[in-house]
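Working notes, beginning with the structure itself.
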Amino acid sequence: SAGEEEPPLGLDSLIEEAAAAPSAGFRLTAVRREPAVRLQHGVSGLEPLAWSEDHRVSVSTARSIAVLEQLSDVHSGGQEMVIHRTAVPAPSAACLLKVGPKKEVAECKEKFASSMDPTVSQTFMLDRVFNPEGKSLPPLRGFKYASWSPLGCDANGRCLLAALTMDNRLTIHANLNRLQWVQLVDLTEIYGERLYEASYKLSKADTPRGELGDFSEFQRRHSMQAPVRMEWSGICTTQQVKHNNECRDVGSVLLAVIFENGNIAVWQFQLPFLGKESITSCNTIESGISSPSVLSWWEYEHNNRKMSGLIVGSAFGPVKILPVNLKAVKGYFTLRQPVVLWQEMDQLPVQSIKCIPLYHPYQKCSCSLVVAARGAYVFWCLLLISKAGLNVHNSHVTGLHSLPIVSMTADKQNGTVYTCSSDGKVRQLIPIFTDLALKFEHQVIKLSEVFGSVRTHGIAVSPCGAYLAVITTEGMTNGLHPVNKNYQVQFVTLKTFEEAAAQLLESSVQNLFRQVDLTDLVRWKILKDKHIPQFLQEALDKKIESCGSTYFWRFKLFLLRILYQSMQKAPSEVMWRPSHEDAKILISDSPGMGSTEDDQEEGTSKQASKQSLCDTGKGMDVDDTADDSLPQSSDVGGREPMEEKLLEIQAQIEAVEMHLTREHMKRVLGEVYLHTWITENTSIPTRGVCDFLMSDDGYDDRTARVLIGHILKKMNKQTFPEHCSLCKEILPFTDRKQAVCSNGHIWLRCFLTYQSCQSLVYRRCLLHDSIARHPTPEDPEWIKRLLQGPCTFCDSPVF
């Protein structure tokens, strides 16, 4: 590598990188965000906290992995963050690594335990890799590490969770039905079977080792399959040729697992990952690093060519990048040889490594920033590819913490790095490029000013950098440690409302679901102030006029829904609780009982009030009826100004929803036109969708009219109507949400294909906006692609 700079870890080089006081442009005010989530068990592992791309926070504890999913709920008027909580339980049985036949392993264990050599017997009895069940030792339960895959890996297009237990069991889990986590595969068991079939040799050219009865061989077989860490790569897309010579895009993802002996297993999975059948290959790489502690993927894009490698850190201090040779992945490139980033054996263990892709403003090219936590210091390395080769600039940042760094996280959108020590201090490091390399502006976030006296055990930043999640316990009070430890996950804001709104307006992602942390900040502001700021309204209207993208219409719909919730009047009593007045009305209305005029008027008034509440809650969940009820008017002759405002907002919401529906109908009709022959019948009610679009005289879209004209000509006067499965009557297309036959049978419509869902099982979007049908085996590929889409109103995935 050219331009490689590796200064020794001396006092002069360390002090040189200690940054001065932060400039005024980088001031950060952290604000506490409720609620604080209390954990049922203590945390375990070195990096217990992780935040996925689909906004789920995983917390590794002694009994399970607690998963906290952040939702930007449009049906709730509460100002607190909405969190959906699930858990991945730890296995009840201990994990025994496969090192040979069961009978032979049992004989060897008995031999080593009763050995007269204390170096053998004591080493064997005290090593929990050999004895995970513990026997006289306390049980080894809990999770060592958890890692989230990129977005789009499971059957619902969301993230997978790789979990490593304290007894070395590596499994992959998926949350397919939102309420329960399912284990898809046990990689430890599969890898152990592969090693057993290969006689514990990495290649056929390896010389045979000793017998299992040799204690060194017994240790070697355990160390070569005891995982230390695992990390996911980005998604690779390749083209696969089908039998009819058509090409289709096939996605795959890599999972790198590093073991105690330094070997790295690289698993390749085909997407969506469904289980053992989705495993494409497994390659083992010898890293040559003793006592590995952490690894991370290095992914670099140069001249439209993507390069990858694995960054490995050691407990003794060295850090280097290893090439990953995968011939099966097309368009995949790697390094020719390993690159040493730090070679000193200075006994500073590498605990955490983050790789951040950035753009160099002076060199006018992309670059990679690698940061690693080593003791109380942060090691950084800037990787840049030029005509001369790979340039490496590295150094350390000191003066951050007085105690070792216990956790580190990074915002990959702007390169900001956050570190924390156990004393409750968090450091924010902002990289600033110079002509040659870079420097860091950093400032301290004192959590004691936000939460009081606390100890920190882990941090994680949200995907868009809006929130910082922190695991805390009680700190010292009057110089005394607390009697009990209560582990909590607490949240602080890292951005202001104005920054979140500006980022949403200028977003290149254009997906509300992938920016839930930003939309939650906007939601919190509107619910507090009960109005949409003028600058946001004007900027959004300009975006809609100039661009016309449906993303900005969905953003507008989100703002109107939150504004509607902020103006709702809180109910005076719980809606599900029975009242004595209702009971009296029922008695007075029962046969054989008399009633006065006053009683009848009172009963009529209450029934009208209840009917109004029911009308307001149509299309919403039963649980949310109390929050979504419109306040009733106290004047007989007219409505209150607040109720008029609510009706005005409701009309705007319906107008935006209708616009989004028409735009999606045009997309569906476009797919129908491209993929159907003349007079071909599909499951999509094509004629009904066309008639629905043309039924409104005020809707004048030339593109839609031209498209409908071409489709009607292709249909050749055929209508292909839908029929009710109960009475065989025709289902007219008069409503975008439901279909009602002449006999009164009501069927809900799929919002992705507008077909009536005439079954008892269907899917629903994450925020309960819409429903969709399940794909069937007879559906063509283009309809299956339509059914894989997100919600057209809120971008949420469909379950």
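Numbering starts at 1 and runs along the chain as it is shown here.
Heads up, the Cβ atoms here are built off N, Cα and C, so glycines get one too.
Here is what TrEMBL records for this protein:
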type	residues	note
DOMAIN	51-495	domain 'Transcription factor IIIC 90kDa subunit N-terminal'
DOMAIN	496-573	domain 'DUF5921'
REGION	586-640	region 'Disordered'
COMPBIAS	605-614	compositional bias 'Polar residues'
DOMAIN	716-766	domain 'Transcription factor IIIC putative zinc-finger'
Task: Sort the residues of the domain 'Transcription factor IIIC putative zinc-finger' (716-766) into helix, strand and coil with DSSP and give the three counts.
output: 0 helix, 15 strand, 36 coil
- request: Sort the residues of the domain 'DUF5921' (496-573) into helix, strand and coil with DSSP and give the three counts.
  value: 56 helix, 0 strand, 22 coil
Task: Quick one: average pLDDT across the domain 'Transcription factor IIIC 90kDa subunit N-terminal' (51-495), no decimals.
output: 90
